[in-house]
Structures are given as C-alpha cells and as structure tokens.
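First comes the structure, then the notes that go with it.
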Amino acid sequence: MVFPMWTLKRQILILFNIILISKLLGARWFPKTLPCDVTLDVPKNHVIVDCTDKHLTEIPGGIPTNTTNLTLTINHIPDISPASFHRLDHLVEIDFRCNCVPIPLGSKNNMCIKRLQIKPRSFSGLTYLKSLYLDGNQLLEIPQGLPPSLQLLSLEANNIFSIRKENLTELANIEILYLGQNCYYRNPCYVSYSIEKDAFLNLTKLKVLSLKDNNVTAVPTVLPSTLTELYLYNNMIAKIQEDDFNNLNQLQILDLSGNCPRCYNAPFPCAPCKNNSPLQIPVNAFDALTELKVLRLHSNSLQHVPPRWFKNINKLQELDLSQNFLAKEIGDAKFLHFLPSLIQLDLSFNFELQVYRASMNLSQAFSSLKSLKILRIRGYVFKELKSFNLSPLHNLQNLEVLDLGTNFIKIANLSMFKQFKRLKVIDLSVNKISPSGDSSEVGFCSNARTSVESYEPQVLEQLHYFRYDKYARSCRFKNKEASFMSVNESCYKYGQTLDLSKNSIFFVKSSDFQHLSFLKCLNLSGNLISQTLNGSEFQPLAELRYLDFSNNRLDLLHSTAFEELHKLEVLDISSNSHYFQSEGITHMLNFTKNLKVLQKLMMNDNDISSSTSRTMESESLRTLEFRGNHLDVLWREGDNRYLQLFKNLLKLEELDISKNSLSFLPSGVFDGMPPNLKNLSLAKNGLKSFSWKKLQCLKNLETLDLSHNQLTTVPERLSNCSRSLKNLILKNNQIRSLTKYFLQDAFQLRYLDLSSNKIQMIQKTSFPENVLNNLKMLLLHHNRFLCTCDAVWFVWWVNHTEVTIPYLATDVTCVGPGAHKGQSVISLDLYTCELDLTNLILFSLSISVSLFLMVMMTASHLYFWDVWYIYHFCKAKIKGYQRLISPDCCYDAFIVYDTKDPAVTEWVLAELVAKLEDPREKHFNLCLEERDWLPGQPVLENLSQSIQLSKKTVFVMTDKYAKTENFKIAFYLSHQRLMDEKVDVIILIFLEKPFQKSKFLQLRKRLCGSSVLEWPTNPQAHPYFWQCLKNALATDNHVAYSQVFKETV
C-alpha cells in the first residue's frame, strides 16, 4: 500500500502545481518594466523569459525568481558576473548568444569591439542549470566554474582556437557540446586550430559533439564511446584513419561533408584537397558504426563508393552523397545492395563537368532499396526522361518523394508516373521541359536531338545544396537540424503532387496529362504558358484539388477556363499580369462560377484594371486574394459598373484587396461586398480617409486590416460602426489622436493594433476599462506619446492592466517633454501630477506667498520712494492738501556730502565750514552728519530731521557721490519739501564739472541759477564763490526764481 499512496501524493502535488501556475496566468507576478516576454509552459512546468533583441546593456531587474528558461540573445550586455543571476536559482537554460558577435560575422553598423567578459564562478551557483548557450560572444576559451549539472554547452562562433583537456575537466556530465564556427573563412582565426590528444576522453556522458567549420585537419583521437552524433563537416580533413571511429559503437549520426569539397560553382571561398583528390576513407573505417542511421558525405569529391563501407552499417536510414563526382557511380551503385534499411538517399549535383547526358542511367541496384521513401537526384543533367530510365524504381513500394529537379530535362514522358501509385511528390522543377506540336501521348517534349551536347548548367538555382552550412542557425534560433521541404506544404497536404514549375512550358493540352488522374496537386508556376484556356486542357486531372498557375501569361478570354477541374479547391493564378496590362483584351473574371467546390482563389499581382464581366460569381469560394491589382481604376469616381464585383461571391469570408492603390473608397463599395464577409484587408493602399459608418453594411465582419495607409482619424464611436468587429489593425498610419468615445461599448473587440502611428495622448474616455478588459492583445509601440501630467491616467492604466501589450517596456516610449524623452511610459514617475485637492491648495498657497514676498521685496528695493510719493500724491488729491506742522528751523543749512571721500570731507571741514561759520564775518549755523547727528538714532530718521530742521540743504556734489543711494534718499527728502510745503531748499555745489546731459540740472540753472554753484578752479575766483553761496543761504530761493517758475510753484 506504500507505493500506491506515494503515487497518489505525487499526483496531488502535480495537480496543485498546475492549478497554482494557472492562477499565475491571471495575476501580475513580475514587474511590467521588465523588457522581456514572460510565458508559462504548464505541461513542462517552465517559466520562460525571452529578452531577445531588446537593446539591453545589462541583465534587467525584475526577472521572476522562478524563471527556468532565460533568453538574452541579440543584446549588448558586456559582462557576466556571479551577481548577474542572483536569486535565479531555478534556471535550467540560459541562452546568451550574440551579445558580441565576431566583427566579420556581425552587423557592420554596430560592431562589437570588446569581447564578452565572464567572471569566474558566474554560473557555479546555478545548481539546476542544464543548458548554456554562449555562441557569438568572441570568447577566447571555455568558461570555467560551470555547474556540474550542465548537460548542454554551446560555444559556436567565438574565438576559441584551442581545445585542451584541462578546459573540459568541469564538464563531467556534459552530454551535448557545440564548438563549431570558431575558425573558418567568415570567422578567421589566422592560427592553426588545435585539439589536444585525448581532450574529450573524460567526457564519459558526451552524446553530441560538433566541431564543424573549424579548419580541423584530423578526426580527434580517442573520442568518448558514448557519442551518438558527431559533426565534422566543413573542415580540412583530407584523410580518415582506420581507427578514428573504432570505439564509437553507439554513433547514430556522422557528418563528414565539406572535407575535400567539390568547389565548382561554390558561392563561398572553397579550397579543394590537393589535385582535387577526394576525401580518403579506408574501406573498413565504418566497421565499428553498427548503430549508424545517418551518414552525410556531401561535397567530398568522391568518385567511387566502395560497398565495403556499408558492410556493418545495415541500420543506415539516411545517406547524403550529393555534390560529388558520382555520375558514373549512379549507373553501377553496387553499394546499394548493403543498405536494406535506407529511407532517404540524396545523389544530387553529381554531374560531370561540361557533359550533357542524353538520359539518366540508374543502376538496377536501386531496386534493392525496399525501404526507400525519398530519392533526390537533382543536378544529374540529362536531356530526356524515359520510362525505362526509372525502371529500377518501379518496385519500390515505399517510395514517396522523387526529386529530379534542376536537371535541364527537355523531354519527359509524364505518363510513366502512372506506375508509381505510392508516390506523393514528383519534382521536375527547374528543367527545360516544353510541349510538342503534335497530339501524341508522349507528354511534354521538344524536338530532341540524339547527340550528346556540351552544356554548362546553372546550378545556383537551389541554394539548399550550395549553402556553406545548411544546418547553421541564426542568432534568433537555437535548433540545429532544420528539415528541408522543396514542395509547397499547402499543396503537398492534398496528396500526390507533380511539380513542373520553372520549366519552358508555353502550351498545355489534355494529352499531356494522360494517365495522371491520380494527381491531387499540380504546380505549373514560373513557365511561359500564354494560351487561352477554354476548359479542356486539364480534363484528365479529375482528382486535382490544388493548381498553381502563377507566374505565367494566362489569357482569360473564356469564362469556361478551368471548368473541367470539378474537384479543384485551391487555384493560384497570381503574377499573370502580361495580358492584363494590355489594352482592349477580353478578361472574363466570372470563370469562378463554373468551379463548384473552389475554396480559395489567389489573383495577386496581376495589375487587373479592366474586366469584361462586371461581377465574379461563386457559391463555394471562401477566400479571395486580390492584392497588387488596380481597383483604383475599376472603382474610379463616377464609374459604378464594378462596385459589385465581389457581391455574388456568396460564401466569401476572407477578402484581401491590399496594394490596389485605393486612396479612397467610393460610397457604394461596401454595399457591393459579399454578405458573409468576415475578414477584409485593405492594407498598403494609401487610403487617406475611410467611411467608418459604411461598416454597418458588413454584418459579419470580424477582422479589418487598414495597416500601412495614410489615415489620420478613427471613428467617433467604433461600436456605432460595427457590432461584430473583433480584430482591428491600424498600424503604420498617420493617426495623431483618438476620438473621445473611440471604444465606448465595443465589447466584442479582442485585438487592436495602433502601433507605428503618431498618437500623442490617450484619454480615459477613449479607452473605457470595461472594454479594455475584454482585449487579448493591444499594440501601442512606436507612437509619439507626450508624457505630461495629462497622461497620468494612461500611465496608471498600463501599469495596472492585465491586457497583453507587446514591447511595453522597450518601445512604448515618450517623445517629450525633454526630461522624459526616450523613457518608457511604463517606468514614468508622475507623482507630482497627482490631483489631490489638499496638495493642490497647499502648493498654490505656498507659491502665491513666495511670489508675493518676492515681488514686495523687489519693489521695496527698487521703487519704494516712487510708491511712497504716488501714495501721498493720490492721498492729497483725494483729501486735499494739508500743510505739515514743522518745528522752527534750528540750522541755516544742512550740508550733505560724501563722508567716505577724504578729499571731499577735508574741503567741507577746511573750506566750507571755516568760511560759513567764521565768527569774524556773518556766520551761519550748519548741520553736519559727522558732527550733529544723534548717535544710536536710525540714519533715515537723522537724515529726515536734519532736512526738516534746516532752512536749506546744501549738496556737495561729485560724480561718484551722485550715484550713491545716500544722495538719492537725501535729495528725494529735500525735494519732498517742495511738494509738501512748496519750499525749495536745495542748493547744489559741484566740486567737479557738472553733468552736461542732466535735464534736471539744465532746467534748474535756467529757472533758479543762484542755487547751482561750481567750485572754481581759479583761486582768484574763490571769494566770489563764497559770496554767492552766502547770498543763496541768506536769501529765500523764490525771490531769485524766474517768473515762469514762480507761476509753476
């Protein structure tokens, strides 16, 4: 009972984890500022964080602590330290590829000149880590301090040129090791690539080892016996030793391709072995490989395949012998007798140089391949394909794919394929097959000449065989073995397929397809067929479901075209623009009415601008692709003939009319749309306006694509235009703002794409939360958001919503104001924009008080006396003038001078005071600041009293003193007596030449010249000066005033 109880507890625990993770799906458990995509793989209990190509310069914070798979590829992170993965203890996989790609391999506009720095023990704390990808980082050596749990290590496309045993001591549990692309023509090392003897000996659990693209000159010695996959292709190995693979009895995949390559027409730097010799492989080299299933000997310059190689590898399922020199060997091929389990055989591009064979010669040994499913013989290069050429294949009951493309076949009897009932794909693409002029049942042929002529084939057509490393991965993908499918998968899924694309067929007739009634898919694209089809050409193809007639010169003169294909479901007549571009030719687009089960029709890139039939008709068609035509001509303003072109496609659900140069849609277009239309694409038309209200005509519309146009507005209220719309795509337009009630009541909307527009602001009323909560996807990146206080609600919403917004942390950014330019909307701190009433009142009050005090202090400093004067002036105007009661004068004169100027002080005391207070003459009682002011009393009060208690105020003037505040205050107080008491008490004495430009001084001299005196420079004139001063002090000023001044005062 213990075991069942333990099982029950374990099941409960697993169920609990699943429920917990499912709950996390609806809760925000990582910060939105994380610039990565976070997904959950519930069956595997994985938390996947993908930070691919996010322009990161450091590992971002906020990564969930329960992350198991972390991808940081295609960024610019310069270093890794033990703190980089702090608290990420559950990591199982780290993908850190392409953060510093070697300069020859990387982008030239963003070259990395400082290689990735990995500090010691950066990964040692990750005890659950199993997979580590460090490709494309310019590393010089294998990192040290790796955790013992590591099972996969990938170090491709670095600068590791030496493999030493001591560098691998920490990888005792490693199972997969990728060390390729560290030294080849695109990532040169300029040194000899070295592998220490027995370097891999202690890797007792190693299963997969890749040393591809490294200029390795020999198979490493003493490889682990646990290896199941060994990749040594694209190196410089010239010879395989007899014992190189002796202990690899578990090996299942061996790839030796590209050693001693065949360099003819190679689209990359290629160095053959000396004298163009083949890769030397001893006959018993593979004897120990009893479990081998895949052997690749592509481009090894082989001229002969010894049967002895395959004596002990009778489990082989895939053999690649393409791009060698085995044209003659294909006619013998005794080695095939030793391959009873072979499923896939590739003998492509083994043609003899400058030889154009009359026919293909297949060895009878092919008949022994009872398990064979795929046979590829491209690039054999021969003229005529006859039935007996394929006779060795007649009894291969499992054969499904026969690929004879790129052979430059001119004559082919297609009826021979009736004997291959189990064939699913017959590939005759990229040949020169053309029709005969008679009605014989030979099939496609040309007037053949029996002589063999010299021919140089253009074998660059198929890059699959001429790619340097067809299994190489890009920075975005880490999968290794990519499958190759030469036939259109959508065609292949229907069943037996014949591919005649890219031939020289210019005419077809029913006899060409005699005995091919079993075909389900026929590909005739890329030929020169320019005939007028009348409905008889494909009559034998009674079971045909898919016809690819693209890239020809179809002439739709008859509405009966293709009508003989009663079971046709998919028809592609794209890129048949030849006759559609000509004037005055009949085009019957209503041919569809005779195709009773047609489901999908592709008419793209035909430049259709006219049609004899006004409507297309079909009761079965569900998808119509009409891209790249000229509906702008058919729907020209004022021409209503073609507005119902699609009206009679009664079951049409998907219509693509992108790239039709439609700058506007006539009003009747929507009324002429099919009644059951669900998906409508109007992308890339240059639309400047759109009649949103007309969407009411499309009652079932679910998806509307208006991307890549020039629209500037959205509907006032989307729900008033369509109640069925679920997906709206408006990316790449010129939309600057959203209407106030844009999504009001649009509860059915699930997907909205507003990316790559010029939207600056999104208001709450435009995005009601009860609608947004129903959205599954919202795209807002690459807009021009203004992150002002008006965006408070939007910033708050994106931080709290559970709607998926791709690129939120990286590409939903601000264009302004300056402080926020380039900053992510999600990371904005708009605390200062909170509209709290108390905060607003306190802020307004404090700023008002501060401004008031600042203004008052400034005004008091600059305009005190002006304000004081204006105040009293206004007061006098209102209340009338009242003479101030002043005490009797105590002094004859108050002397105002610059007490800080020693020269002036000396003149006042030695000259002026001595002359005016001399008891021998008539003396005057003078008031001096330094002598008569009361100590401790404010300066302003002393000054005011001195002026009030003196009959006259004498100003001893210098240029320097005239600019001081003391002079200005004293002068204003003295002048105030003129305003209040109408008494002029001012006398000016200039010790320096007076200011000639002073208007006040010039006016005073004219009106009261006796009050303005100058100290003469001639000593003889001094007595006259003193006499004038005494007269001015002794006499009232008004006596000396001019008549004009008296009247003014």
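Residue 1 is the first one shown; counting continues down the chain.
In case you wondered, yes, glycine gets a Cβ from its N, Cα and C as well.
Given the structure is predicted, the values throughout are model-derived calculations rather than measurements.
For 1-26, the entry in Swiss-Prot reads signal peptide.
Here Swiss-Prot flags 65-87 as repeat 'LRR 2'. As a summary of secondary structure, the repeat 'LRR 2' (65-87) carries 0 helix, 5 strand, 18 coil according to DSSP.
Taken from Swiss-Prot, the feature repeat 'LRR 4' applies to 127-149. Cβ atoms under 8 Å from those of the repeat 'LRR 4' (127-149) belong to residues 68, 73, 89-102, 105-106, 112, 115-116, 118, 120-121, 155-160, 162-163, 167-168, 170-173, 178, 181, 475, 478 of the same chain, restricted to positions at least 6 beyond its ends.
The repeat 'LRR 8' annotation in Swiss-Prot covers 228-247. When pLDDT is averaged over the repeat 'LRR 8' (228-247), the result is 96.
Applying DSSP to the repeat 'LRR 9' (248-275) sorts its residues as follows: 2 helix, 3 strand, 23 coil. Residues or ranges marked as repeat 'LRR 9' by Swiss-Prot: 248-275.
The feature repeat 'LRR 10' is assigned by Swiss-Prot to 289-312. Nonlocal intrachain contacts for the repeat 'LRR 10' (289-312), taken as residues 6+ away from its ends with a CB within less than 8 angstroms of a stretch CB, comprise 228, 233, 245, 248-262, 272-273, 276-279, 281, 283, 318-326, 328-329, 333-335, 337-339, 346, 465.
As annotated by Swiss-Prot, repeat 'LRR 13' applies to 369-392. For the repeat 'LRR 13' (369-392), DSSP puts the residue distribution at 6 helix, 7 strand, 11 coil.
Summarising the annotation, Swiss-Prot assigns repeat 'LRR 14' to 396-419.
Residue counts for the repeat 'LRR 17' (516-540) under DSSP, helix first, then strand, then coil, are 0 helix, 4 strand, 21 coil. What Swiss-Prot lists as repeat 'LRR 17' is 516-540.
Beyond the ends of the repeat 'LRR 18' (541-564), by six or more residues, the same chain brings 488, 490-491, 494-495, 501, 513, 516-535, 570-576, 578-579, 585-591, 593-595, 602, 613 to within a C-beta distance below 8 angstroms of the stretch. Annotated repeat 'LRR 18' per Swiss-Prot: 541-564, in sequence order.
Sequence annotations record features per position, and here Swiss-Prot assigns repeat 'LRR 23' to 674-697.
Positions annotated as repeat 'LRR 24' by Swiss-Prot: 698-721.
Per Swiss-Prot, the feature repeat 'LRR 27' maps to 772-795. A Cβ distance under 8 Å defines the sequence-distant neighbours of the repeat 'LRR 27' (772-795), meaning residues of its chain 6+ beyond its ends; these are 731, 743, 747-764, 801-808, 810-817, 820, 823, 825-826, 828, 830, 832-835.
Residues annotated as transmembrane segment in Swiss-Prot: 840-860. Away from its own ends, the transmembrane segment (840-860) comes close to residues 867 of its chain (Cβ-Cβ under 8 Å, at least six residues beyond either end).
Taken from Swiss-Prot, the feature domain 'TIR' applies to 889-1033.
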Positions whose Cβ lies under 8 angstroms from the repeat 'LRR 23' (674-697), at least six residues beyond its ends:
646-665, 667, 703-716, 718, 720-722, 725, 729
Beyond the flanks of the repeat 'LRR 8' (228-247) by 6 or more, those residues with Cβ under 8 Å of it:
180, 184, 207-219, 221-222, 253-260, 271, 273-274, 277, 279-282, 284-286, 288-289, 291, 296, 298, 468-469
How do the residues of the repeat 'LRR 8' (228-247) split into helix, strand and coil according to DSSP?
0 helix, 4 strand, 16 coil
Sort out the residues at least 6 away from either end of the repeat 'LRR 17' (516-540), same chain, that have Cβ-Cβ distances under 8 Å to it, and list them.
414-415, 417-418, 421, 429, 487-488, 491-492, 494-510, 546-558, 560-565, 572, 578-579, 594
